[in-house]
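Participant: What Swiss-Prot shows for this protein is this:
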type	residues	note
BINDING	His58, His60, Asp150, Asp303	Zn(2+) 1 binding site
BINDING	His60, Tyr61, Arg62, Asn92, Asn276, His307, Phe321, Gly322	substrate binding site
BINDING	Asp150, His177, His230	Zn(2+) 2 binding site
ACT_SITE	Asp303	active site
Amino acid sequence: MAILLKNGLVYQEGEFIKEDVLISGSKIQAIGLDLPEEGAEVYDLKGKLLAPGLVDIHEHYREPGFTYKETIKTGSEAASRGGFTTVCTMPNVDPIPDDLETFEKQVALNEANSCVHLKQYGAITEDLTSDKVVDMAALKEAGAFAFSNDGHGIQQAGTMYEAMQEAAKVGLAICEHIQDDSLYHHGVMNAGKKAEELGLPGILGVSESAQLARDLVLAQATGVHYHACHVSTKESVELIRIAKEYGINVTAEATPHHLLLSEEEIDGNNGYYKMNPPLRSKEDQFALIEGMLDGTIDLIATDHAPHSREEKAGDMRKAAFGIIGNETAFACLYTKFVKSGQMDLSLLLDLMSYQPAKLFGLDAGVLAPGKEADLAVFDLDHAEKLSEEDYLSKGVNTPFTGQEVYGMTALTFVSGKLVYKSKHFAD
């Protein structure tokens, strides 16, 4: 059956236009006014924003191995509630997809359980911590989206150089968790005034920027597409800015939590504020925002990382690193930056859809006839209080719970199929 989305504010090619969208099967059939309703299931959007489905290139689903934290089903359902229709998942599961057989099993598991388009990262090295680079050609053939050891920085320059050479040969990106362990010192939050106040071990900002500087030189030497994951420091933003001026093939992401929060917002010794990289200083936060606005930061990615309540309870020294975010990212960012006038809505949408799709060669992020009907409808006028009871993720580990936000998702369609409908939507 055809689906007609009426009276939407459609975001198309950088413009917002009041028009309708007709879906036939898995594709967008037409965009315009007065499209035929006969034989179609009709949704009256009543002026809500109709946008390309969002694209998140950095999420952690814990299946197989850690399904008490999250499953592919719950993670993808949470993503759909956040308006995401394409998601790329990291390889820190058990077993790790670092060889062809394991990777193919992971892809089959993803396809059987996800309600959104799910792209799978391959590991850069075996076990995510060794110095043996995986068979990248074989993993690309099996469908690898890119390569990452996320959660672990690659410590040896020679290993990274070899990995970059191999990734460049197969034409896929190296997406790096930037962390020099010799400068990391097993900290639990940013090394700064807040850590001193709480008596907690700190993580130096230079543990990120020093390794980033090394990697940018190696990327220049190899020509690989090097992607800097969850950038968090002022120095990292400046290094990326300079690297782009030199023509190095580097892209970078920032997370919603690093854009929205700094260490100053940390509410005591609270495990829900423990993430890696940590929340940095206000100066770092402002540098990230500036980088987002001037194009140094290419895209926003959630780093959705669910854990059990027990793993996040209490003391930061014992709590796991990570924060959930795929259900709340767009609404929190819209409320903070767009409603306040700091940022255009078109830029936010591009950073969360068009940009990641374009930079990583994904067929997503654009609304046009003939394209896959991956769509998200956002209610920009309805205020909603974020509540644990509403989360579709198994994880509730976020400090944003209790905040009132605008722009939560009303409807999400993946390949023309309705995969999420808000309890607040009345058509």
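Placement of Cβ uses the backbone N, Cα and C atoms for every residue, glycine included.
Any idea what these are sitting next to in the structure?
Facilitator: According to DSSP, His60 (Zn(2+) 1 binding site) is assigned to coil rather than to any helix or strand.
Neighbour list (Gly322 (substrate binding site), Cβ cut-off 8 Å, at least 6 residues apart, same chain): His60, Lys274, Met275, Asn276, Asp303, Ala305, Pro306, His307, Lys312, Asn397. In three-state terms derived from DSSP, Gly322 (substrate binding site) belongs to neither a helical nor a strand segment and is classed as coil.
Under 8 Å, Cβ to Cβ, and six or more positions away along its own chain, His177 (Zn(2+) 2 binding site) finds Ser148, Asn149, Asp150, Gly151, His152, Gly153, Cys229, His230.
In three-state terms derived from DSSP, Asp303 (Zn(2+) 1 binding site) belongs to neither a helical nor a strand segment and is classed as coil.
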Participant: Between Asn92 (substrate binding site) and His58 (Zn(2+) 1 binding site), how many Å separate their Cα atoms?
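Facilitator: Per the Cα atoms, Asn92 (substrate binding site) and His58 (Zn(2+) 1 binding site) stand 12 Å apart.
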Participant: Using Cα coordinates, what distance in whole Å links Phe321 (substrate binding site) and His58 (Zn(2+) 1 binding site)?
Facilitator: 15
Participant: Of all the binding-site residues given, Tyr61, Phe321, which has the fewest Cβ neighbours within 10 Å once its own Cβ is left out?
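Facilitator: Among the binding-site residues Tyr61, Phe321, the sparsest Cβ neighbourhood within 10 Å belongs to Phe321.
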Participant: I need the most crowded of these binding-site residues: Asp150, Asp303. Count other C-beta atoms within 10 angstroms of each C-beta and give me the top one.
Facilitator: Asp303
Participant: Would you count the other CB atoms within 10 A of the CB of His58 (Zn(2+) 1 binding site), including those on all shown protein chains?
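Facilitator: Within a 10 Å radius of the Cβ of His58 (Zn(2+) 1 binding site) lie 28 other Cβ atoms.
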